[in-house]
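Database features, via Swiss-Prot:
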INTRAMEM  2-15  intramembrane segment
TOPO_DOM  16-19  topological domain 'Cytoplasmic'
TRANSMEM  20-40  transmembrane segment
TOPO_DOM  41-71  topological domain 'Extracellular'
DISULFID  Cys54-Cys198  disulfide bond
DISULFID  Cys61-Cys192  disulfide bond
DISULFID  Cys65-Cys187  disulfide bond
TRANSMEM  72-92  transmembrane segment
TOPO_DOM  93-158  topological domain 'Cytoplasmic'
REGION    110-141  region 'Disordered'
TRANSMEM  159-179  transmembrane segment
TOPO_DOM  180-207  topological domain 'Extracellular'
TRANSMEM  208-228  transmembrane segment
TOPO_DOM  229-417  topological domain 'Cytoplasmic'
REGION    247-267  region 'Disordered'
REGION    334-417  region 'Disordered'
COMPBIAS  342-353  compositional bias 'Low complexity'
Amino acid sequence: MGDWSFLGRLLENAQEHSTVIGKVWLTVLFIFRILVLGAAAEEVWGDEQSDFTCNTQQPGCENVCYDRAFPISHIRFWALQIIFVSTPTLIYLGHVLHIVRMEEKKKEREEELLRRDNPQHGRGREPMRTGSPRDPPLRDDRGKVRIAGALLRTYVFNIIFKTLFEVGFIAGQYFLYGFQLQPLYRCDRWPCPNTVDCFISRPTEKTIFVIFMLAVACASLVLNMLEIYHLGWKKLKQGVTNHFNPDASEARHKPLDPLPTATSSGPPSVSIGFPPYYTHPACPTVQAKAIGFPGAPLSPADFTVVTLNDAQGRNHPVKHCNGHHLTTEQNWTRQVAEQQTPASKPSSAASSPDGRKGLIDSSGSSLQESALVVTPEEGEQALATTVEMHSPPLVLLDPGRSSKSSNGRARPGDLAI
């Protein structure tokens, strides 16, 4: 039948650049097709025409009946099948060898340029790289050519054409011979005078070989389908996923924020020197306990204090419950101012028992602000506001004015910081 060693060497080279399923397919091709066809099948079909006999003496009748019974010999049919299904693999091998050769030429050009620029050939310089730095390396860690890009497309087309050839030859074998050989074949073809009976040698053994080669072809077809799923379908599915959701891979690796970020509608995080400023004060039914302010002096100074918000002209809608909120804020600022300046000018109102009682009530009311009822909008603002108990920026204006006449509002003559 011929020597299959040359085709075997070529396919062995292609096996080095195939996937795992491709290597299994080539192993099946080597062992169960080429070796079986060369070792056993040729011996079974060796006496095929000589042992094909018909019960007639008409010249030429036996030949035409054999031609009708076997349009093509099984051996030659299977040989053509092996050649056709191996051709796409050989084309893929040619593409691999072309890429390897182009890489070798590129290295030779780099060495030639290096030798031309540096006669000492590489002392103090590395060879130039003509390719793009973004191009992936041609070989992997094991020194094998990577199946990617144009080479991957060639490999996929290789599998597709192998599958088509397998299906075509299986269908052709069914229409030509069927899957079973009968020992008796009746022929009425010219020049036979009438219907003659012809007999096939070793029909059972030949039927076994036909079924075996058909099973090997079906196994190769299944391997091709698995490899198409492994390469083509997975790559196609990955490409469609990346097309409709390009940030899916980044979202899987992106860490989640432990806390939600503050929106633009919320206030910025600032440090203030007085209690949190709520737009809706507590209901008058909430009663504050008179708790003394620790370390507070007995007589607050008579100073007019202008805060930074008042100087910038910010108007906050404040709803008073019997003037309690405004009085608390004024008393708080007076106490802070008294801590920063020595108490040299005690006022008559502060030294009186009524003034001392008012101081205790005001300090207790200011400390009770944290226990007031808070709306959801104010709760969101409180989360984004850092409250620190320290002195706010103060402006001392008209120290001689009495606290009874001051109402905490900004005057044209006040100086704001």
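Think of each number as a place in line: the chain as shown, counted from 1.
Every residue gets a Cβ built from N, Cα and C, even glycine.
Distribution of Swiss-Prot features across the structure.
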residue: Cys54; record: disulfide bond; Cβ neighbours (10 Å): 20
residue: Cys61; record: disulfide bond; Cβ neighbours (10 Å): 22
residue: Cys65; record: disulfide bond; Cβ neighbours (10 Å): 23
residue: Cys187; record: disulfide bond; Cβ neighbours (10 Å): 19
residue: Cys192; record: disulfide bond; Cβ neighbours (10 Å): 18
residue: Cys198; record: disulfide bond; Cβ neighbours (10 Å): 21
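Tallying C-beta pairs under 8 angstroms between the transmembrane segment (72-92) and each of 20-40, 159-179, 208-228 places 159-179 first.
Take the Cα of Cys198 (disulfide bond) and measure to each of the disulfide-bonded residues Cys61, Cys65, Cys192: the nearest one is Cys65. Applying DSSP to the topological domain 'Extracellular' (41-71) sorts its residues as follows: 13 helix, 2 strand, 16 coil. For the pair Cys61 (disulfide bond) and Cys187 (disulfide bond), the Cα-Cα distance reads 9 Å. Cα of Cys192 (disulfide bond) to Cα of Cys54 (disulfide bond): a span of 10 Å. According to DSSP, the secondary structure content of the topological domain 'Extracellular' (180-207) in residues is 5 helix, 8 strand, 15 coil.
For the topological domain 'Extracellular' (180-207), same-chain residues at least 6 beyond its ends with a Cβ under 8 Å from one of its own Cβ atoms are 44-45, 47-48, 51-56, 58-62, 64-66, 68-69, 74.
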